[in-house]
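Asks: OK, TrEMBL features for this one:
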- 22-497: domain 'Major facilitator superfamily (MFS) profile' (DOMAIN)
- 21-39: transmembrane segment (TRANSMEM)
- 59-79: transmembrane segment (TRANSMEM)
- 91-109: transmembrane segment (TRANSMEM)
- 115-134: transmembrane segment (TRANSMEM)
- 146-168: transmembrane segment (TRANSMEM)
- 174-196: transmembrane segment (TRANSMEM)
- 242-262: transmembrane segment (TRANSMEM)
- 274-297: transmembrane segment (TRANSMEM)
- 304-326: transmembrane segment (TRANSMEM)
- 332-350: transmembrane segment (TRANSMEM)
- 407-426: transmembrane segment (TRANSMEM)
- 432-453: transmembrane segment (TRANSMEM)
Amino acid sequence: MTAKSDQPNVHGRLSNFANRKLLIALFCAGFSTFAQLYAPQALLPQLTTAWGITFGQAGLVVSMGTIGLAIGVIPWVLVASRIGTVRAMRAAVVVGTVCTLLTSVAPGYEWVLALRFLTGLAVGAVPALALAHLNTRLPPNSAVKAAGVYIAGNSLGGLVGRIMAGAIASTLGWQLGLLMASGTAAVAALGFLMLIPNEKTGMQRSQTQPQTQSQTRAEAPSKLRWAQPFLANLRSPAQLKIFTQGFLIMGAFVTIYNYMGYRLQEDPFYLPPIITTAVFAVYLFGTFASIYATALVTRFGRSWVLSGTGILVGVGIVVTLLPYLAAQVGGLVLATMGFFAGQAIASGWASSGMPVTGLEATGAPEEPWELEDLEHSQVRQRLDAIRPPTAISSPQSTDNFPRSQAGALYTLAYYTGGSVMGWLGGELFEAFGWPGTVGLVALLAATSAGLALTMGGDGDRSQSNEACLEIGAVTASESSGYGSIRCTVRSPHQEKP
């Protein structure tokens, strides 16, 4: 009997055993990360009372975690390019879990802020690397679906962390509530460590075929050119739109959940903390929305579905202006579904739609090919000629490096939005009450929906890039459909004039 492979198959489907194992592992990583990151969000009203701080200062407990995460994503990408994506994520999950456990016994507000920053700095590896890892280990169609499952793990982790921390804190204090939520995150972290498949230590080659000089150059990012994919992403108008979407999406979401607890515990509702904590159960709707949204993309395209998610968030937050408890719950459900659906689409789009830079090739002819139109079958023939379908990339190969950098820049924008808007929402809540917070979220949601409508052609561009990338292209034109792809291909060691 043939043993099941423990290595993900880049040409396989989600039914493949190793791919399923990978997906469950990343689900656990997302669960652990977001349980740690957002458990304190349910504790903000208690922290305000315990320490005598303002709404905005309490919001910093959440924002310091997201600031740390935003700062950490790019360094983690560079670390992963040296030691491998899986090893980097393993280290990050362990360090983040330890920091979260220490936060529950911190002696004061300043210590909590410092430990929250360190937690975010550590766990930044997971959102920065997970989706890029999926995009390199799975075929494009499967990777889109897998991204939805990973985001579902994020939402479920955030749900469990918030509810557990808030429910326990309402009777036993915020420290014990945070400790129990941290323990649950630690169990999920252990699941990730046990399930994540190891990466190969090198390319699979015939023993009779020596490694060429060009292949050596292609397998690791040049020390002098490591920043090239960063610059390529930042110079790409399409990518900048995606990064802006991340800023807007996360800014709206963190603002809503930071201050909804205050809204429900004040006039006209006066709900006790344990009841306001239960409201976080609407997170479950986000879990399913993230998976369903990725299915809608295949029918209607990314830009239209992404625009719809922004509208959903905007409608949801406006509904909460009504002075009825049902309106608060219903509006929160709509906004949560819109957020997780939008995040599932935009985060996967950032990595799969990156500009092709030429660093991604694992092999290429010594002479560059001239500009020409290539049908998909011709692309596959060129790919097979330079890289056997059975070859598996090294963990330090450049296949994952540009994708990780695209994902890191998206994550940086995403959590910067959450940090800045999460704090600003508290200041507006202090000055104008709930309507001030609603106005900010509605503005962010409307901007996201409008921006998405300007991104209509980018789905075709990312599809072109995906195939051109595989044959070592340096550019890919935007096409009107998926039937043909226009690629410019050159040798990896050639520099642009």
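Yeah, the Cβs are placed from backbone N, Cα and C, and that goes for glycine too.
A TrEMBL annotation is a machine prediction, not a hand-curated record.
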Asks: Which of 21-39, 146-168, 242-262, 332-350, 407-426 has the most Cβ pairs closer than 8 Å to the transmembrane segment (59-79)?
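Replies: Out of the listed stretches, 407-426 contacts the transmembrane segment (59-79) most.
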Asks: Take every residue in the domain 'Major facilitator superfamily (MFS) profile' (22-497), average their pLDDT values, and give the whole-number result.
Replies: 77
Asks: Near the transmembrane segment (91-109), which same-chain residues lie under 8 Å Cβ to Cβ, leaving out any that are not at least 6 residues past its ends?
Replies: 29, 32-33, 36, 39-40, 47, 51, 53, 57, 76, 115-116, 118-119, 122-126, 175-176, 178-179, 182-183, 185-186, 189, 192-193
Asks: Taking residues 6+ outside the transmembrane segment (174-196), which of them lie with a CB under 8 Å of any CB in it?
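Replies: Counting only partners 6 or more residues beyond its ends, the transmembrane segment (174-196) has Cβ contacts under 8 Å with 21-22, 24-26, 28-29, 31-33, 35-36, 39-40, 42-43, 46-47, 50, 86, 89-90, 93-94, 96-97, 100-101, 103-105, 157, 160-162, 164-168.
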Asks: Using a Cβ cut-off of under 8 Å, list the residues of the same chain at least 6 residues beyond the transmembrane segment (274-297) that approach it.
Replies: 42, 45, 144-145, 147-149, 151-152, 155-156, 158-159, 162-163, 165-167, 170-171, 257, 260-261, 264-265, 305, 309, 328-329, 332-333, 336-345, 348
Asks: For the transmembrane segment (115-134) and the transmembrane segment (304-326), check the count of CB pairs under 8 Å (sequence separation 6 or more) and say whether it reaches 3 or more.
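Replies: No, the stretches stay apart by this measure.
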Asks: Quick one: find which recorded stretch in 21-39, 146-168, 304-326, 407-426, 432-453 has the most Cβ pairs under 8 Å with the transmembrane segment (242-262).
Replies: 407-426
Asks: Which sequence-distant residues neighbour the transmembrane segment (146-168)? Criterion: at least 6 residues beyond either end, Cβ under 8 Å.
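Replies: Cβ under 8 Å, 6 or more out: 14, 19, 23, 26-43, 130-131, 134, 138, 174, 176-178, 180-181, 184-185, 188, 257, 261, 273-274, 276-278, 280-281, 283-284, 286-288, 290-295, 340, 343-344, 347-348.
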Asks: Under 8 angstroms, Cβ to Cβ: which one of 21-39, 304-326, 407-426 has the largest number of such pairs with the transmembrane segment (432-453)?
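Replies: Looking only at 21-39, 304-326, 407-426, the most contacts with the transmembrane segment (432-453) come from 304-326.
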